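TrEMBL annotations:
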{"type": "TRANSMEM", "residues": "A:21-42", "note": "transmembrane segment"}
{"type": "TRANSMEM", "residues": "A:76-97", "note": "transmembrane segment"}
{"type": "TRANSMEM", "residues": "A:109-131", "note": "transmembrane segment"}
{"type": "TRANSMEM", "residues": "A:137-159", "note": "transmembrane segment"}
{"type": "TRANSMEM", "residues": "A:171-192", "note": "transmembrane segment"}
{"type": "TRANSMEM", "residues": "A:212-234", "note": "transmembrane segment"}
{"type": "TRANSMEM", "residues": "A:261-286", "note": "transmembrane segment"}
{"type": "TRANSMEM", "residues": "A:298-319", "note": "transmembrane segment"}
{"type": "TRANSMEM", "residues": "A:331-348", "note": "transmembrane segment"}
Amino acid sequence: MVALDARNHRIEGDRRHLGRALSLWLLALLLVLAVFSLGHGASGVSAPAVLLDRLAGRAIAPTDAVVLFDIRLPRLLTGILVGAGLAVSGAIMQGLFRNPLADPGLLGVSAGASLGAISAIVMGGALPAAISAAIGWHLVPLAAFAGSWLAMLTLYGIATRQGRTSVATMLLAGIALAAMIAALSGLIIYRADDEQLRDLTFWGMGSLAGSSWSKLQAAGPVILLALMAAPALARGLNGLALGEAAAAHVGIRVQRIKTGAVLITAAATGAAVAISGGIGFVGIVVPHLLRLIAGPDHRWLLVNSALLGSSVLIVADMISRSIVAPAELPIGIVTAMIGGPFFLWVLLSNRRALDG
Amino acid sequence: MTARACHSAGCGPRAALMALIAATAAALLSGPAAADPHPDASRVLSIGGSVTEIVYALGQQDRLVARDTTSNYPAEAQALPDIGYMRQLSAEGVLSVKPDLILAEDGAGPPETIALLKQAGIPFETIPPGTGPGGLADKITAVAEALGVPDTATAPVAALQADLDRLADISADPAQKKRVLFVLFATGGRITASGTGTEADAIIRMAGAENAVQGFEGYKPLTDEAITSAAPDIILTMRRGGAGAEIDAKAEDLLALPAISTTPAARNGAVISMDGLYLLGFGPRTGKAALDLHDAIYGTS
């Protein structure tokens, strides 16, 4: 009896086989949601009708064409990439810090991006005309991306001595750095006028409303590269779960994994935040939910996080653009309002499993 | 733009005066920015509180189909669908009200959205910002021209001009100008006041008075000592109405604050409270608002 129980328990606990099946389901979900999102919007333009017209070579009203091909399509693709980028970054950070509540904010990425955006919004007007004409609307995203990298590189530099990165130093120095960045941001905000303050507030709540092909061309490849590189970390992150020393003993090159994790996260999150502003909760809820369903094996966790992250963001975006139509609710509010209670419910209903 | 130039060039009253003269001269030389007329537009989207107010003042409200969040006046405007905050517009949201003309105050955005709207082939007319007396008339004219009804501007512009002329007639001797402190918030006993370059600063000057706070731009928290040294003769606040009424500064609470109690305003109990949109809206009613403010400061003339 005792032996049987032990075996049953092991089978019950082993959820690795679920990862693959789950990824197929999540892919199907993403495709369905993507099609639905294309056909859904405040203007009531019907995607199938416009596509049929185009295939048949009939003339399309310019408004309908713009709605479908220049508003909804880039917005959908941006949502997919941003959602995947945020969720995968969250999963990697949680693996690296061995803490289910870790997120890219610990690398200073979010604080740095927000300092960049704040500086661009408040002081962008002081740039020489030639420069602002060349950069145009891309000033805020560029500054946010640069800010996130600057913060991350500073932190990485502080935490790395003699070719070895201390995760604990990174965590603590990250808190100090975030405080300094917040003070600097506050200083700039103090100088801001009313319109700039409102712009800043909206930026912090995130939105996919400003999505465009040109933004996607700039940020898309960065996120895509990071997403493609992420699976290479999977085995290493699995090893790190045993602790750094044990991981090194089983042949994992720990320093490489750390460097890779930091770079991939900074690229994906930095680019995602740059084009969509601050969208919270996706990076924590999505990987957590997947761990509860299919276990902590990073080989599937990273892939599934990307798929579910995209789906969550598409749904949140559909809500954000329809709930107060013709106006729009910032998407960060939607993700937090739905994500928060949902996360709490998942935690409470799995309390026993988590405590045990 | 002038506000930004101030950062680098230094910004005293003289610089502001020079800027005002330059702007007026430019306006006289070039005339109001001519908008393309759209007399046939029947589904107009108005973006920006002052633009919406002007559309009503021109009697063209039947052509409006939607407005933005900042368009609160007149009350009927609030019945129109709201397409969101004017600097955070969503392209599809705007297209969903099927406008055939968009009239936007300067600063509507984000630029990505504006570019998409233009790409969708919807006429988009930007109305120049109308701070300063000449700018206001230009703004009204620009809206009337964009709507293809230039004649309707005659009456509101004449009324505005009459108010401004009257203000010029009755304006106080510069040596006897009263010093006015505009209080935006006084929550928790902490005063947030208007410096230079704000709508409050502009209306105070239009009313023939002087802003008591000259040291900074925009609305900022003031220390108690700065209030004492500003020595305002009058304290000006605004009523927000509706849900905002709770944060309105009340006269007795203001006068009871230690920093304010030392000022001439407290000795005379001089607190003026006016409707926020009327006072700071910079639309067709601004001439009247400046006159009212003048009368409240100096007594009915």
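Just so it is clear, glycine is given a Cβ too, placed from its N, Cα and C backbone atoms.
No curator has checked TrEMBL annotations; they are predicted automatically.
Small disclaimer: the values here were computed from a predicted structure and weren't measured.
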With pairs fewer than 6 apart in sequence excluded, do the transmembrane segment (A:261-286) and the transmembrane segment (A:109-131) have three or more C-beta pairs that lie under 8 Å?
yes
Here the stretch out of A:21-42, A:76-97, A:298-319 with the most C-beta pairs under 8 Å to the transmembrane segment (A:212-234) is A:76-97
Taking the transmembrane segment (A:261-286) as the first stretch and the transmembrane segment (A:21-42) as the second, find out whether 3 or more Cβ pairs fall under 8 Å, excluding pairs closer than 6 in sequence.
no
Can you name the far-off residues of the same chain, 6+ from the ends of the transmembrane segment (A:137-159), with a Cβ under 8 Å from a Cβ of it?
107-117, 119-121, 124, 127, 165-167, 169-170, 173-174, 177, 181, 203, 214-215, 218-219, 259, 262, 265-266, 269-271, 273-275
Are there residues at least 6 beyond the ends of the transmembrane segment (A:21-42) whose Cβ is under 8 Å from a Cβ of it, and what are they?
48, 67-68, 71-73, 76, 79-80, 290, 293-294, 300, 303-304, 307-308, 310-311, 314-315, 317-318, 321-322, 325-326
